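Straight from TrEMBL, the features:
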type: COMPBIAS; residues: 527-553; note: compositional bias 'Polar residues'
type: DOMAIN; residues: 35-491; note: domain 'Major facilitator superfamily (MFS) profile'
type: REGION; residues: 511-553; note: region 'Disordered'
type: TRANSMEM; residues: 77-98; note: transmembrane segment
type: TRANSMEM; residues: 110-126; note: transmembrane segment
type: TRANSMEM; residues: 132-153; note: transmembrane segment
type: TRANSMEM; residues: 165-188; note: transmembrane segment
type: TRANSMEM; residues: 200-222; note: transmembrane segment
type: TRANSMEM; residues: 302-321; note: transmembrane segment
type: TRANSMEM; residues: 341-361; note: transmembrane segment
type: TRANSMEM; residues: 368-386; note: transmembrane segment
type: TRANSMEM; residues: 398-424; note: transmembrane segment
type: TRANSMEM; residues: 436-460; note: transmembrane segment
type: TRANSMEM; residues: 466-487; note: transmembrane segment
Amino acid sequence: MGFKAIWARTKLGSYGAAFREAPREILYNKMLLLTCLLFSCGAVPLTWDQGSSAVIATLPSFQKHFDISSGTDAGTIKYFISLVALGDCIGAAGSFWINDRLGRLWSYRLYIGIWILGNILQIVAPNVACLYAARIIVGTGIGGLIVIGPIMLVEIAPAETRGILTSWFVVIQGLAHGVSTFCVYGVYLNKSLRGTRMQYQVVWICPVIFMSLCVVASFFLCESPRWLFLMDRQEEATEILVRIRGLPLDNPRVQHELQEIREHIHQERVFYAGGRKTASFRSILKETFTVPANLRRVQQCIILYSLPQLSGAASISSYLIPVLKIVGVAKGTERNLFLSAMYTMSKFFFAVIASFFFVDALGRRKSLFVGCTCQMLADIYVGVYVKQTQKGPVSLAASQGAIAAIFVQAFGYSVGLLTLPLVISGELWPNRIRSFGNALAQFVHRLFIYVIAFAMPSLLKETHNWGAFMFFGAWCGIAVIYVYLIVPEIAGLSVEEMDAVFTGPWLAARHKRKPNAPRDVEDSEGDQSVSRSSSGKPTQEQSEVVPTTVKQL
């Protein structure tokens, strides 16, 4: 067997073949890519705040105005960092009632407006009490944005590139994180801003200008066709789907996707909402928590969003300068800001690598294996290193290894528990409960962030610093076991095709994934996936594929 034949049978080889066979009009559609880019920019407020809040407390003007004694002590800045996560919980939980009523575009605009209001209050806050109140409002806007962004990306992306396009959200997170840290570094070096409130206010003004431009740009882009189908705006939904696929309406692939979406929504309504267009909150809860396949989705989202926080990666990002101090490399404000900027930019490049070479190409499960393993080994090394420094001097090589381990941890986090929970939780929900499911997942996610961020200083203190890293490493090991046993591979499946996966065995190792039906159908009448009987109803084979979740009720 030649090398090409062996390569073709690998995950990377099969992904490359599927990518090459997909119509160019779909992969390089201008409207699709611009809309995905716009909603990916909804990640900017999240990590701009995370990156800036981790280092802005080191600015002399910030410490003077808000009477904060130290930016390197985790206990001193824990309220400033953690309160925004509390607002995230409020925004994520409340987004469910807004997303399906206003639509994806208007919800996006509303959340940006709330976030801008909170930032303005931060900028003009006269004291620390007003600052804390503004932090909660900022978090409320962020909470809504981190729900609506992945929903929109999943709903408009084609199956071949859904993982890549959804991971754009994480790539923009990394970019915003890095730029925000460099922004703080820049204002610190700017001598004309020293001693003035403008030194820290500039850091909050810059993203407000950018996100205001995003709101303007949103009026030139498209709504989600799946949401329009849910609202029975059939003609508008069809027109937009044709536009973002770049293919004519009579193209077999477009016809197949239209039929798949319509039938899935129709069957969900018949079985869960009595045929009504709008779903009641009670029916949404019933469908989410009483259908075994959906209950499996709930547990998977909650656990996948809990593990990143229990693994400590987000807390290390938020408390990076105190962590650098623990490792022994924090040597002055300028050096700390520079190392923070390098760390955040590395996460951006790692996210880019993850989006192109891991999420779709390697698959969801294997990417999680690689990421969690790297993160676990790095956490264990840092824990052992900190323990040794407490006993006595360590070698220069060991110190350099500790710095490298922090960056290896960032790589593992970017490839695994940062990117994949967002991609998986965005794509695995059925159309009717996607907004509720994502809101629930993000609420739990942000709640864990708040709890861990608030508890991080105490955890470091009670475990003598080194124990916290061993605790994080242990949870990474648990994550590897959980992924192996429970998390199925869903790369390449359409949103509607995932029911068959989640009605199968809970143990992922027992699940036999069936090959996808070809997406570029040349003869619509000869393709069973789009064939219909003479009465206009779906064929028996098709009926057995779509309503698999329904049969469990």
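Heads up, the Cβ atoms here are built off N, Cα and C, so glycines get one too.
Caution: TrEMBL annotation is automatic and unverified by curators.
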Winner by Cβ pairs under 8 Å against the transmembrane segment (165-188), considering only 110-126, 341-361, 398-424:
341-361
Determine whether the transmembrane segment (436-460) and the transmembrane segment (200-222) share at least three Cβ pairs under 8 Å, counting only pairs 6 or more apart in sequence.
no
Contact ranking winner - 77-98, 110-126, 302-321, 341-361 against the transmembrane segment (466-487), Cβ under 8 Å:
302-321
At an 8 Å Cβ cut-off, counting only pairs 6 or more apart in sequence, do the transmembrane segment (110-126) and the transmembrane segment (200-222) clear the bar of 3 or more pairs?
yes
Any contact between the transmembrane segment (398-424) and the transmembrane segment (77-98)? By contact I mean 3+ C-beta pairs closer than 8 Å, pairs at least 6 apart along the chain.
no
I need to check the long-range neighbours of the transmembrane segment (200-222): which residues 6 or more away from its ends have a CB within less than 8 Å of a CB in the stretch?
31, 34-35, 38, 41-42, 44-45, 48, 52, 56, 59, 61-62, 65, 105, 108-109, 112-113, 115-116, 119-120, 122-123, 156, 176, 180, 183-184, 187, 193, 240, 243-244
Same-chain Cβ contacts of the transmembrane segment (302-321) under 8 Å, 6 or more residues past its ends?
50-51, 53-55, 58, 71-72, 74, 81, 177, 330, 336, 339-340, 343-344, 347, 372, 375, 379, 406, 409-410, 413, 417-418, 420-421, 424-425, 440-442, 444-445, 448-449, 451-453, 456-457, 468-469, 471-472, 475-476, 478-479, 482, 486-487
